[in-house]
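**Q** There's a structure below that I have some questions on.
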Amino acid sequence: MAASVDRQYHPAPMSGVVRTPFSNHHRSDSPVRNGYTFSNPPSSNGVVKPGEKIKLVDNNSNSNNGSNNNNNRYDSDSEEDDDENEMNVWNEMIKKGNSELEPSSVDSRDEGTADQWIERNPSMIRLTGKHPFNSEPPLTRLMHHGFLTPVPLHYVRNHGPVPNAKWEDWTVEVTGLVKRPIRFTMDQLVNDFQSREFPVTLVCAGNRRKEQNMTKQSIGFNWGSAAVSTSVWRGVPLRDVLKRCGVMSSLKGALNVCFEGAEDLPGGGGSKYGTSVKREFAMDPARDIILAYMQNGEKLSPDHGYPVRMIIPGFIGGRMVKWLKRIIVTTTESDNYYHYKDNRVLPSHVDAELANSEAWWYKQEYIINELNVNSVITSPCHEEILPINAWTTQRPYTMRGYAYSGGGRKVTRVEVTMDGGDTWDICELDHQERGSKYGKFWCWCFWSLEVEVLDLLGAKEIGVRAWDESLNTQPEKLIWNVMGMMNNCWFRVKTNVCKPHKGEIGIVFEHPTQPGNKSGGWMARERHLEISDSGPTLKRTASTPFMNTTSKMYSMSEVKKHNTADSAWIVVHGNVYNATRFLKDHPGGSDSILINAGTDCTEEFDAIHSDKAKRLLEDFRIGELISTGYTSDSSSPGNSVHGGSVYSGLAGLAPITEAVPLRNVALNPRVKIPCKLIEKVSLSHDVRRFRFGLPSEDQVLGLPVGKHIFLCANVDDKLCMRAYTPSSTIDVVGYFDLVVKVYFKDVHPRFPNGGVMSQHLDSLSLGSIVDVKGPLGHIEYLGKGNFTVHGKPKFAKKLAMISGGTGITPIYQVMQAILKDPEDKTEMHVVYANRTEEDILLREELDKWADEFRDRVKVWYVVEKAEEGWKYDTGFISEKILRDHVPAVGDDVLALTCGPPPMIQFAVQPNLDKMGFDIKEQLLIF
């Protein structure tokens, strides 16, 4: 077959071609040659910074007194020469890769977060919003660098803020079932042990998770197929450290080795990240487990665990604790929250609720340690176009990709199919390591296959699968699990015919997904076609390939034009929806849609909507978003705002415009604003007042009375959004206050996990950042008894204000505005229901107003359970209570309510109806 030529057209400057030259000289068990040590060991006379380059000194001339245990382990000069050659090859790879990188810098998205001091590569794709930083490189860039991944492009998995560590202050404690517990300094780890240096491929257990999420949403975020990277790691063998501390035998109960990091995380009510491995793994020299302090010839970077982390070759990344602080030898496995609630593959029928209620997390058999076998097609890359002409059809096309397996098992075969698995072609493999002396292979390999272009033209899809030396291979179909982990089904690339230029045809290749919340990929398109009732069943033969023409395609520039109440379009998971006719029916009000009209709001839609809402969305689908480079308008990240709910706006509402504000207003309906926690006060055992500083001290929040804001935060790697109404006045400058009831886990039987956002807020330390978006809501109080509801005016002289629990906050906001205006004479009659007297929020303020403004403020409390001496009502809101404490129905009376849906549905609405209120016209529900 003729030699392959690089003649395919790429919309991006880099292709999926592996460019690293072949090298078959690596062995993964090579110690640092002749016992290298630092020429100037880090000490108190100098600060060692992350990413610092290391100068090596040959200690071969030193006498072997055993103090550093740096014995020459080489048996022959030829082996020593091989190891020196491979180190030279690594250094050249690293040097070349670094020379091709753009400079790292502090990302503006990190400003105001705990990570604002960290420089990062701008090309990294963020998967969990602003914070914490979880990211992967573009797949084409990852493959461009080949065998060794430059550190700035290595995938990152962080559960929280990165510790700002100092070398000279850092220690690693070894304790538990050891005879000599020791706390090692970094200098001791570097100088008192023989170090090892070898390449290892790290893979997140969530690699390719987005494919699972497109099938059914898991509890994890959207990793693409680039959560895999390879570096040269240098560190101290774990077994040597444990032996130095006198690790006890298995007979004495030393069965597990636990690792604990330094970061403070919200999981489990607040904990460090921790996990464990079995003792036999930790002490097995063939496992090559090290405490690593160097990556690609430099000190670890902050995101990768500076100053020291675990490297456990062949295992998932989740076992390799970063920012290592403690090693504990125990009888039982780690009891850390993240050891049990992360990195498990549960049976497909187990969802999050069942996993919690039936304790599936704690079943030993579902833990993940070793990686499974996996492979990915990287060339053709996503949206690559192969022109079909006389020249290209005379030459083969070279397909490429990567493959890996776990436990040191070598990948022995990679196969490609273009007919759905009926036939397979064997690929050429490129292993750039020669295996350890124990026969272990810790790194990925690359595969390639030359195919005829005409065969591609007739193919429906291309699939790949790998085999390892244990004859493990990849399953044909995806196997869903609640954490979306270890996805290794065949990787499939779809093909379609396109017209890249006038008078030309070509093949456009489509990968299954795109990472994070980026739209694109055949899975999103096919998912919506499957559940759509419209359109004929798609059929295709090899002789008539075609692009999908049954679903109308829209560019992002077209979607952006539809951002008003007259035409409100949104994008969710690559599909375009016309939400205009739903504006008046949206439970959250039209603003919830209008703040997102004309944008891609995938992330926030998923964060606040149920599966039922997602099914309802299908009624409004009008087509797909064009994402291919040959037909779509170019769009920058700034052109897509991931924010807010899904629908928004009434036909009668004016469009959201970016008018110049009369005052310096913080809120922007199109943009999330970062707000810093500057004060936290405990008002009771479960009530907090949070004060958040605005981005500028001279700003007001800009929230109209009656409307609310969304608080947005990443909790356990998922976007969480909740609506809150500030308790501070609308004209306060520089900050806003929230009074929040914290719903702790294991307190309310119906909600054993408690409130996600309230517990997260309670866990925040001063200086933490949350994102705020708004305003939104369908009710606005304009003053002097005037409201607008869905854009329509309403007026009242008397207000019946009925609230329950935290639903008092919008009621409180309206009361605050009325009482602040001396010309506003509106009467307010408040009935406020709670479980107990202790649960009453803002009682001091309410009682003060009732006493100070007796002629127009009446407050009545209702609790389910009361202590002796309680002078208000007990039980639930009834018709009698309302008749006694709110105004009788009249043309100048409106009822306002906010609280739990059952209270509104079964107490407020029926009892007001009995009193003669027109529920549709006279009851305003926040």
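Placed from the backbone N, Cα and C atoms, the Cβ positions cover glycine too.
Pulled from Swiss-Prot, these are the listed features:
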REGION    1-85  region 'Disordered'
COMPBIAS  36-46  compositional bias 'Polar residues'
COMPBIAS  58-73  compositional bias 'Low complexity'
BINDING   Cys204  Mo-molybdopterin binding site
DOMAIN    551-626  domain 'Cytochrome b5 heme-binding'
BINDING   His586, His609  heme binding site
DOMAIN    670-782  domain 'FAD-binding FR-type'
BINDING   722-725, 739-744, Phe751, 756-758, Thr809  FAD binding site
**Q** DSSP helix, strand and coil counts for the domain 'FAD-binding FR-type' (670-782)?
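**A** Split by secondary structure, the domain 'FAD-binding FR-type' (670-782) comes out as 8 helix, 56 strand, 49 coil.
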**Q** Report, as a single number, how many Cβ atoms besides its own are within 10 Å of the Cβ of Tyr743 (FAD binding site).
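**A** Looking across every protein chain shown, the total is 18.
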**Q** How big is the Cα-to-Cα gap, in Å, between Tyr743 (FAD binding site) and Cys204 (Mo-molybdopterin binding site)?
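**A** Taking the Cα atoms only, Tyr743 (FAD binding site) lies 32 Å from Cys204 (Mo-molybdopterin binding site).
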**Q** What is the Cβ neighbour count of Val739 (FAD binding site) at a 10 Å cut-off, with all protein chains included?
**A** 22
**Q** Restricting the comparison to the binding-site residues Arg722, Tyr724, Val739, which residue's C-alpha is spatially nearest the C-alpha of the residue listed as 'Mo-molybdopterin binding site'?
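**A** Closest by Cα distance to the residue listed as 'Mo-molybdopterin binding site' among the binding-site residues Arg722, Tyr724, Val739: Arg722.
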**Q** Just to confirm: which same-chain residues, 6+ apart in sequence, have a Cβ under 8 Å from the Cβ of Tyr724 (FAD binding site)?
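**A** The answer is His708, Ile709, Phe710, Leu711, Leu738, Val740, Thr809.
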**Q** Over the domain 'FAD-binding FR-type' (670-782), what does the predicted model average in pLDDT?
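**A** Over the domain 'FAD-binding FR-type' (670-782), the predicted model scores a mean pLDDT of 86.
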**Q** For Arg722, Lys741, listed as binding-site residues, tell me which one has the smallest number of other Cβ atoms within 10 Å.
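**A** Among the binding-site residues Arg722, Lys741, the lowest count of other Cβ atoms within 10 Å belongs to Lys741.
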**Q** What is the number of other Cβ atoms found within 10 Å of the Cβ of Cys204 (Mo-molybdopterin binding site)?
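**A** I count 24 other Cβ atoms within 10 Å of it.
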**Q** DSSP on Cys204 (Mo-molybdopterin binding site), three-state: which is it?
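**A** In three-state terms, Cys204 (Mo-molybdopterin binding site) counts as coil.
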